[in-house]
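First comes the structure, then the notes that go with it.
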Amino acid sequence: MTDYKDTLNLPQTDFPMRANLPEREPQTLARWQTLDLYRKIRKDREGQPKFILHDGPPYANGRAHLGTAFNKTLKDIVVKSKTLSGFDAPFVPGWDCHGLPIELNVEKKLGKDKLSANAFRQACRDYAFSQIELQRDDFQRLGVLGDWQHPYLTMDFGYEADTVRALAKIVANGHLLRGQKPVHWCAACGSALAEAEVEYRDKASPAVDVGFEAVDAEAVRQRFGVKNATTRVLVPIWTTTPWTLPANEAVSVHPELHYALVKSELQNQPVYLILAKDLVDSAMQRYGVDDYEVHGNLKGDALEGMQLQHPFLDRIVPIILGEHVTTEAGTGNVHTAPAHGLEDYFVAEKYNLPINNPVDARGRFIPDTFLVGGQPVFKANEPIIVLLADSGHLLHSETIQHSYPHCWRHKTPLIFRATPQWFIGMNKNGLRERALAEIEKVTWLPAWGEARIGKMVADRPDWCISRQRLWGIPIPLFIHKKSGELHPKSPALMEKVAQLIEKESVDAWFDLDPKVLLGDDADHYEKVTDVLDVWFDSGVTHFCVLEKRRELKVPADIYLEGSDQHRGWFQSSLLTSLAIRDKAPYKSVLTYGFVVDSQGRKMSKSLGNVILPADVVKNLGADVLRLWAASMDYTVEVNVSDEILKRASDAYRRIRNTARFLLSNLYDFDPKKDKVAVDQLVALDRWAIFTTQKLQEKIITAYDRYRFPAIYQAIHNFCTVEMGSFYLDIIKDRLYTSKESGLPRRSAQTALYYIAEAFVRWIAPIISFTADEIWQFMPGDREPSVFLTQWFSDFPNAALSGEEEQRWQLLLQIRDEVNKALETYRNEGKIGSALTAEVVLYADERLNAVIATLGEELRFVLITSEASVLPFNEKSKAAFDTALPGLALEINVSEFEKCARCWQRRSSVGQIKEHADLCDRCVSNAFEDGEMRQFA
């Protein structure tokens with residue numbers, strides 16, 4: 001048998017079938033760096049409309065984990081897609097560098113007490129730099145393009161100085177206030193915590209009912225209409241923090257609730273109890289009392305001003321009115337310790353009650369506190385409960401499990417503790433109302449983000465921005481020692497401090513002698529040594545980065561972070577921006593869910609489910625991780641596991657194989673010389689170009705709307721269905737067997753060229769390494785990188801009419817039914833390959849009209865050796881119906897010989913003496929002018 005291999009146009013390409021991403025990706029990275037790709041993109045896009053995705057700074061501590069890898073990948077997809085859309089879309093990465101975790105790491109390594117404050121801060125700075133280098137390497141290895149040589153760091157001297165300037169503007173605009181307010185306090189940190197540093201965990205706590213005795217029992221009884229009685233009156237409170245009782249200054253009742261006077265016997269003594277009417281039964285059940293009488297009821301506002309004796313201190317406390325009182329649990333009477341709770345603080349403020357805080361920064365009672373002096377607060381619960389029991393004031397005690405605030409770093413329970421702190425006042429100058437109004441102007445993705453952050457802002461207390469730590473940006477203020485007022489020239493003084501910090505770091509403030517700035521006034525002022533909350537540091541990036549860097553702008557087009565940032569960075573950025581310039585720093589905000597395992601559990605060493613991005617990159621490649629990130633629905637929790645990553649790897653392989661097919665059939669195609677005019681294209685090729693163009697419109701729209709899973713699905717389906725199992729399958733015969741430079745082959749190559757040009761750009765934002773690798777093998781002159789181009793727009797006008805589109809859709813369905821039937825016959829051993837089969841299609845008028853247009857070329861669409869069509873009502877006994885109404889099939893094994901070149905079984909094989917083992921079509925294609933195709 002003659003070998004006709006040399007007469008075929010077999011695929012050729014140096015583009016490797018095996019991706020070998022872990023080895024090949026670093027080579028691409030090196031090429032990007034040699035090319036200075038990021039700078040080239042910036043130069044190429046100069047003068048184009050800006051699109052700014054502002055990078056929320058990750059914390060400079062530890063290697064990148066899967067959450068931060070997911071974050072940076074999504075951002076990179078957005079930025080690259082906007083670049084392909086023609087925008088100038090710079091990406092300036094940043095890092096959050098101050099705060100407790102870095103302090104703790106340095107303290108652990110070097111010890112805090114062994115170093116001066118300045119040396120300790122320098123050690124923190126050095127540690128943060130080392131962590132930034134690690135994370136920078138991790139992010140670059142993921143293929144994230146950005147200004148990695150010039151990131152913003154919140155510890156850069158210039159950034160620290162600008163943060164002080166931002167604070168100065170907030171001071172000048174009247175948003176800063178000082179107060180002794182209760183804040184979340186971590187005894188282990190020795191500092192206040194921000195809302196975003198608080199996490200809730202279950203905790204076992206004592207729940208006690210404590211009786212406060214009315215000083216004038218007779219007056220109380222008379223208010224309830226009870227006369228001629230001598231029984232004492234108790235007002236029971238219910239609390240899970242008995243340790244706060246030394247700080248009690250009042251008992252709160254709700255003005256509109258109804259309260260009952262309940263007569264009973266407790267501890268073998270008659271007693272009257274004042275309880276919220278709705279809670280009488282549950283309270284008496286708790287006290288183990290079945291026999292009791294209700295004597296009248298009053299609304300809470302009638303109880304205001306009644307005097308009560310503190311249960312163990314020589315202190316008279318009033319009943320006051322508070323809207324925060326509920327009937328969800330307890331007694332309807334709320335123990336009020338203004339130093340240990342925000343609601344307590346606010347209600348006490350109305351009554352001008354003292355803020356009595358007996359707890360120090362270490363979470364211990366100050367030494368002269370009655371009974372519990374020097375004790376840690378949680379250990380003080382027990383002696384207080386014992387004392388209450390001994391004095392007859394303890395009505396009930398039990399242990400309950402409840403959700404309780406904990407330090408995000410130490411995982412230890414927090415306390416509310418009143419300390420002198422600096423706050424951004426939510427109700428000063430209408431900040432809260434302006435924030436709520438601005439939230440409505442922002443586009444929130446998903447849409448529920450608006451309600452979430454709106455509720456948080458509506459409910460949040462004043463923002464405590466001060467911390468008592470060493471490693472941070474100072475709050476450079478002077479307070480008058482007598483009046484407590486800020487220096488009248490504070491903003492101007494802060495600018496001078498900012499200039500010093502810009503040259504010498506934050507040490508300049510801590511080392512500063514006040515006389516340098518204040519002269520003789522220095523003796524009258526106290527220098528503030530607190531530092532700023534790290535959420536303030538990162539919250540003013542709009543001022544310190546977006547506003548200051550020439551290539552950026554404010555407001556940013558989008559902020560993109562995890563949904564936990566509704567109470568973190570999104571909020572701190574919004575509030576500082578409004579306090580400075582009275583508008584939001586972003587036009588839109590996109591959030592994603594936490595990265596969890598396949599069972600919805602958080603990543604944890606104890607569960608053994610931690611997957612490190614470095615391991616994924618090392619084993620599968622960054623592009624597989626990027627494809628996983630794009631494929632996930634980020635609006636909910638994002639699942640990851642080895643199995644899920646394997647599926648991403650399989651999908652990647654299909655995409656790569658499609659690209660390889662395209663490239664391997666364009667090896668001899670020169671777009672300048674070989675492109676076929678649209679009016680000469682084979683109909684199937686025109687359909688393929690039109691389908692590609694239509695899909696591109698959908699893909700670009702999906703990129704614009706950040707619908708990455710839809711893009712992933714569209715590309716995956718394109719590779720496996722419309723292209724992989726239909727178009728590319730059909731044209732193989734034409735590509736391989738038609739005349740090398742003949743119209744049928746060049747028509748197919750023209751379509752493949754357009755498909756490849758579009759396809760490589762579609763995948764570029766997602767699997768960037770692979771796209772740029774493909775780009776190097778594409779035919780024709782081109783830029784050195786796909787990222788220096790835009791979406792492909794040089795499509796010919798291959799538009800199809802609605803009728804033509806419908807016809808091809810029907811042909812897709814018909815071919816699918818034929819394929820299923822052939823597969824069944826193959827599995828049953830009735831045929832070998834599809835080319836051993838001859839197919840008769842029995843079609844109704846509608847389908848017949850479509851199929852008949854293909855004529856002799858029907859067999860090429862079905863990839864069978866012979867195919868014919870007959871009316872549906874002429875079905876033979878051997879025919880069987882399909883799932884497509886109006887279509888039946890009959891499949892027979894061809895009786896003809898196989899062509900040695902195209903492998904089709906044709907009656908013409910053996911008919912041409914000089915080429916007895918070839919069909920007439922192959923003789924024409926190999927040795928004569930070649931066949932012509934019109935449809936397929």
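Note that Cβ sites are derived from N, Cα and C of the backbone, with glycine treated the same way.
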Given ranges 297-301, 482-486, 602-606, the stretch to which Swiss-Prot attaches the annotation motif ''KMSKS' region': 602-606
Among ranges 58-68, 102-112, 399-409, whichever one Swiss-Prot labels motif ''HIGH' region': 58-68
Assigned conformation of Cys922 (Zn(2+) binding site) - DSSP reduced to three states: helix
For Cys902 (Zn(2+) binding site): DSSP state (helix, strand, coil): coil
Shell of the Zn(2+) site beyond Cys899, Cys902, Cys919, Cys922, same chain only (C-beta within 8 angstroms of their C-beta centre): Thr737, Ala900, Arg901, Trp903, Gln904, Arg906, Val909, Leu918, Asp920, Arg921, Val923
Local Cβ density at Cys919 (Zn(2+) binding site) - other Cβ atoms counted within 10 Å: 28
Helix, strand and coil counts within the motif ''HIGH' region' (58-68) (DSSP): 3 helix, 1 strand, 7 coil
Intrachain C-beta neighbours of Cys902 (Zn(2+) binding site), sequence separation six or more, cut-off 8 angstroms: Asp733, Thr737, Cys919, Arg921, Cys922
Long-range Cβ environment of Cys899 (Zn(2+) binding site), under 8 Å and at least 6 residues apart: Arg905, Arg906, Val909, Asp917, Leu918, Cys919, Arg921, Cys922
Binding-site residues compared (Glu561, Lys605, Cys922) - highest count of Cβ atoms within 10 Å: Cys922
